[in-house]
Amino acid sequence: MSGNSFGKLFTVTTAGESHGPALVAIVDGCPAGLSLTEADIQPDIDRRKTGKSRFTSQRRESDQVKILSGVFEGVTTGTPIALLIENADQRPRDYSQIKDLFRPGHGDYTYFKKYGFRDYRGGGRASARETVMRVAAGAIAKKYLREKVNLTIQGYTAAVGAIRAERIDLSAVEKNPFFFPDEVQIPHLEQLIMKLRRDGDSIGARLNVIAKGVPCGLGEPVFDKLDADIASAMMGINAVKGVEIGDGFAVVEQKGSFHRDELSKKGFLSNHAGGTLAGISSGQDILVSLAFKPASSIRIPGKTLDINGKAVEVVTTGRHDPCVGLRAVPIAEAMLALVLMDHYLRYKAQRG
């Protein structure tokens, strides 16, 4: 299994499983001289944490990050930064009854077919639990970009099922458990999620992520275009089934006279491209949108096969999210930060 590292100059390697003893990350390529403590990383991890509200998974992990290397006297040394988060609330017994079954919509079937073996405890390596280390690594990238480049990243939930944000108030995003920018819709979201819990079902979501202060020139055509790497990073997040940059699929119905981002002496007159042109950042805001599928771990019985090929029925037990997108905002922010950090260092290396 070789796909556990991300980036070229700013690289992140993660390891660990959903119900193993711990998860780890090695962050290599962070420049020396960045002020960094565990307190800089913890807030983003807490934003992703389960068990904070009745609307998400009730798995309760303290998720306290530990810096094991790469930092001396509160400053990065330029050597690899090792991060550790222990798993404290594992309940593998929740999966003992389905250990020989392939849960529909999960990686159980494909992992087994590829490797001939799988960790059935919550999906093992395929679990979204792994993303906590991406968030930890992303927090380092976000801090560097914010302090050294004046580049900021913020995400929010744009839609849950048919409930869409009618107004975007970014100041409201951190004030509710849904990361939702439209406070008027919060009661409707609460009702929807609680009904899904009662029904044992799930729903999809759409997230938007915005990067401001991105310098012009990031991206390496033709095979390492900035928007291509962003799309790849976002598609690597569990349950993501679609990614849009800028206007995305809406461009199908647009005319060139509308879509082209015309220029004036004051700058661009629009941003339909979402901050990149020909795979290179234009200096405008990077606009990314992600579609999350409804979680497949639900209490409604479904048809499947066991490892011997026998047709069976499965009901997924355990502690699961009615909407996996509700905890994904910090993950999407982290992945965008990792891409931009990597490309910024590559840009600096070329420019000197």
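Every residue, even glycine, has its Cβ placed from backbone N, Cα and C.
What Swiss-Prot says about this one:
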- Arg48, Arg54: NADP(+) binding site (BINDING)
- Arg125, Ala126, Ser127, Asn238, Ala239, Ala278, Lys293, Pro294, Ala295, Ser296, Ser297, Arg319: FMN binding site (BINDING)
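Sequence-distant contacts (6 or more apart, same chain, Cβ under 8 Å) of Ser127 (FMN binding site) comprise Glu17, Ser18, Asn238.
Working note on the binding-site residues Arg48, Arg125: by count of other C-beta atoms within 10 Å of each C-beta, Arg48 ranks first. Among the binding-site residues Ala239, Ala295, the residue whose Cβ has the fewest other Cβ atoms within 10 Å is Ala239.
Arg48 (NADP(+) binding site) and Ala239 (FMN binding site) are 15 Å apart (CA-CA, integer value). Counting only same-chain residues six or more apart in sequence, the Cβ atoms lying under 8 angstroms from the Cβ of Lys293 (FMN binding site) belong to Gly105, Gly204, Ala239, Val240, Lys241, Val324.
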